[in-house]
């Protein structure tokens, strides 16, 4: 305990008397090739090119629809707002030299791994693009496509171009998330020396910058792709493609985004949790030193992991969520408008883009509503950061409700059913309420202010085993309320859409599925603010690490610990939010898949009969896929963590002076171990997710030919997708909530409860946190990406199953 007290009081002896320097992980700062090329261009030339590009975008938009022009305008204004947030954050001071040295080491490690990881992902994306091109060159076409002259070759290149653009934008979203976090962390740590409120505001605005860029890019990417196809394919001209069929051409964009998000989440999750587990097992449990102690050789790798796993991966993840939801809603809107013979269907198709444009506006208001203290020099009582963030969320929801109502009246009003827009507005309201309930439920199960986490912390008093049992049971129980909320949401919104008054030519109601799509849009109508709260978490975590490593006073660490604990809760709520949206979006994509199979086969495909043995087997395979994928993701963390543990133990044995601050740990070695291992380990579960549905569909297609069941392959894949979605939702809820609860139970004990740091109770809680790490940051968030990727890959590959 004497040693721990020395660390906390800052009396470090000889090691502290000389400047603390931290080795750079790269010889120079990494900047992506695109940015290097742009920086090499003359400023005036760059401005001219920028205006020409904007002019081309708005010209294409004006040729398409005034709605597209509106979307472009909002996105551009939002990007300008994000530039303001960036300048505001970067103008804050970085603190003393030792803080900036640690921050530079984290930045170099994160950027180095990002370059290697995304280099690997880009090679796999190019290979998959070639496979998609080959498949599309030989696949069949629908009668509608043949009548418009949209042949196999054109369709193939359109799909591949959309896939590559989606992959590129998803990668850029990930880079943006990481870029801001590695620059904001040190500024939050520095602000914590003055006040908690200022540190909170910097973390929120840094997260807000990333969120606005990610959501804006998702909206702008789909809008530009839609407008480009509309103009160059001559949509709605005589003998050409109808506007209601255009959204199906965008599916490749969603698949590209899902592909990159899955590997980014897997690689980043394995990296961050392997480093975290390795650092905790040797540092906290074996050596008894605090978290983020500078003597721990794995601490820099742990802090780097927060950026590549939580920021870069989550940026790509939310980008993919929004892109998939927009495209699925556009497909359903176009299908419904076509069946109802609505004269101008553009409003129903472009409605998702407008909703997310308003999301940028209302979330910006919510971000700006969080203000710092008027006089940072005056010490004020520390407020509850979660309460402040919740106030901002409440402001965002209030304006989102108003904006959503206005959007439905503007775009979904039709003379055929004058009151339909009101039903759809209520669907959106149900979606917004669903999002709020998901955030509240996850907060209840993961925040230590509430009973579940406190009960979990209390179970640590009787040992490691009881902590694990309590954490697993809490995670299992936490699946009930979200499933009930999702069930009520789907049924109520389907009914509201069904009774909207919109009917097809035979008089049958057709608005049910679109009502569910509108609810999904309502749920994601505050996505930018929710992503802001998510990005807040790893930035606060990094700030705490920098404060600990640079030996800041205990008062600073108390502030960063408080922000970190809240960040754990906000990260968990975002994952719950993402799972809920994934459930609704997958339901929509499943319906779009059935429609596409019907269009290609020329036969009705309205239901999937699981009483057929092969179809039931497909469902079993889908559920199995979720469990095997989760197992491989967790075991990847375990294997990599073992390498880290062995390395940290070796350094402590071979360099005994580390514990007395007489020798410096080799941080770079641990960074290199987790970087290479995580890249190696992400391939296996990622390949399983991509290959499984294609292999199952193709095998059962051949079996169907032999048994004279032409749609057997498509039916088995539909069953696989259905069961995988259900199993995946439950598994992701369990993993995310259990992991977040274990983490905050440990944080609760570290506040001084139940014996505080170093007690037997604390050691048991550390074990629980270690078990929960791969649950909540590797397997859990990867599963909801997997669910949506399965939906998009089956949609893209549907023709080969027939």
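Positions of Cβ are set from backbone N, Cα and C atoms, glycine also.
Per TrEMBL, transmembrane segment is recorded for 33-61, 67-90, 158-182, 202-226, 348-372, 420-441, 479-497, 509-531, 576-594, 615-638, 686-704, 716-735 (among others).
At the 8 Å Cβ cutoff, the transmembrane segment (202-226) and the transmembrane segment (67-90) share at least 3 close pairs (sequence separation 6 or more) and count as touching.
In this chain, the transmembrane segment (420-441) lies in contact with the transmembrane segment (576-594); the count of Cβ pairs under 8 Å, excluding pairs fewer than 6 apart in sequence, is at least 3.
Under the criterion of 3 or more C-beta pairs below 8 Å, with sequence separation of 6 or more, the transmembrane segment (420-441) and the transmembrane segment (509-531) qualify as touching. Beyond its flanks by at least six residues, the transmembrane segment (509-531) meets 207-208, 210-212, 214-215, 314-315, 318, 321-322, 325, 328-329, 332-333, 336, 339-340, 348, 351-352, 355-356, 358-360, 362-364, 366-367, 392-393, 396-397, 400, 403-404, 408, 420, 423-424, 427-432, 434-435, 439, 489-490, 493-503, 573-574, 577, 580-581, 584-585, 587-588, 591 of its own chain at Cβ-Cβ distances under 8 Å. Within its own chain, the transmembrane segment (67-90) is flanked in space by residues 54, 57-58, 61, 180, 183-184, 187, 202, 205-206, 208-209, 212-213, 215-216, 219-220, 223, 226-227, 346-347, 350, 353-354, 357-358, 360-361, 364, 367, 411, which lie at least six positions past its ends and keep a Cβ under 8 Å from the stretch.
Simply put, out of 158-182, 479-497, 686-704, 716-735, 716-735 has the most Cβ pairs sitting under 8 Å from the transmembrane segment (615-638).
Under 8 Å from some Cβ of the transmembrane segment (158-182) lie the Cβ atoms of residues 32, 86, 89, 103, 106-107, 110-111, 114, 118, 121-122, 125, 128-129, 132-133, 136, 206-207, 209-210, 213-214, 217-218, 221, 225, 229, 249-261, 264, 306-308, 310-316, 318-320, 323, 535, 538-539, 542, 796, all in the same chain and six or more residues away from its ends.
Outside the transmembrane segment (479-497) by six or more residues, the chain places 423-424, 426-427, 430-431, 434, 437-438, 441-442, 511-516, 518-519, 523, 576, 579-580, 583-584, 587, 729-730, 733-734, 737 with a CB less than 8 A from a CB of the stretch.
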